[in-house]
Ligand SMILES: Nc1ncnc2c1ncn2[C@@H]1O[C@H](COP(=O)(O)OP(=O)(O)OP(=O)(O)O)[C@@H](O)[C@H]1O
Ligand SMILES: CC(=O)N[C@H]1[C@@H]2OC[C@@H](O2)[C@@H](O)[C@@H]1O[C@H](C)C(=O)O
């Protein structure tokens, strides 16, 4: 049965809420619908950054001490506004939508402690938008001993089914953190986080240039990467671990650059993200032949250039050039995952999150 689903993603970049409509039976994609974006205000983003700091010592996933309660309310309201604007702009009514997939905002990810925390009140959201909401996608996986991330690989596989490219294919998503999906035929699906995405670079740009990100990679393009610093950073134990493995947004926040110009700093952090992505190749069964780049990092032209240099002779294409949406892909994925969850289909697998057996997941809140 085909379903019409809306996916909502608020990622580790803390930039805003991505919204996308998708028609799917949870196995294949019948059609992409429109997509939208509701940016966080500076105040909301500040609140979320504070929530991330305060979440570090959370004892359990449903605890909301201090600022976390306020942050959760802000996340819920932002998502309700995102859906209201999106449906109004596209003349969609709540009856048109079978399910909403609501990721929420990750404030802590510590699978080794059995903990992954996404804030956002699904029951309040369902009431506000009058549509059933599926949420808590990662909880069952972590409870069963999985990494609880990444979850987009089943969606990447569905998209790659109709892609005429030489395999193995890797889809790399460069958001706040980077993750990859390795696809070889219809059976082999391997995934993991690879290291930083844009989060370190964004935080640096804000500190040094008072800008939210390095637009199109222009600052990095003027600098020279410090390969010595990158070589040291890559010695962290995470990088030698085979997939599956996952990260918290702030896992590398303690890495500090030495004295260098802003351009060299941006070039170094951009090249670090790229080196960590390329560093996954020896840990995969075969050398990938075709790479597809999604997420906000696909708009960073210096990042794309460095990826092409590092991954040659493999091809490196931005998702948009294939008719996919680099910006909406994660929101689409959570619409797709909600449809899969409704049908009890697996969301994660031993080789994507390390869960002992394929696992379904998600919890439904009804209006
Ligand atoms: N025009 C651009 N030029 C360069 N970088 C950009 C551009 N637009 C977006 N980005 C980068 O992409 C980031 C947002 O990416 P994205 O929306 O994929 O992240 P996310 O979904 O929040 O993260 P995650 O996938 O880790 O959950 C921004 O913070 C910025 O670093
Ligand atoms: C715990 C958590 O929210 N992880 C995110 C984060 O952002 C990117 C990377 O780290 C990925 O593993 C995951 O998001 C995507 C959507 C995923 O689960 O596939």
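Here the Cβ of each residue, glycine as well, is placed from N, Cα and C on the backbone.
What TrEMBL says about a protein is an automatic prediction, not a curated fact.
Features reported for this protein in TrEMBL:
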type: BINDING; residues: 11, 12, 13, 14, 15, 16, 17, 18; note: ATP binding site
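The structure, with features from TrEMBL marked on it.
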residue	record	Cβ neighbours (10 Å)
11	ATP binding site	24
12	ATP binding site	20
13	ATP binding site	22
14	ATP binding site	22
15	ATP binding site	19
16	ATP binding site	18
17	ATP binding site	26
18	ATP binding site	25
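Residue 18 (ATP binding site) falls within a strand segment according to DSSP. Surrounding the centroid of the Cβ atoms of 11, 12, 13, 14, 15, 16, 17, 18, where the record places ATP, the chain contributes additional residues within 8 Å, namely 9, 10, 40, 175, 176.
Taking a Cβ distance under 6 Å to any atom of ligand 1 as the criterion, the binding-site residues 12, 13, 16, 17 reduce to 12, 13. Ligand 2 lies under 6 Å from the Cβ of the following binding-site residues, listed in sequence order from 12, 15, 16: 12.
DSSP gives residue 13 (ATP binding site) a coil state; it is part of no helix or strand.
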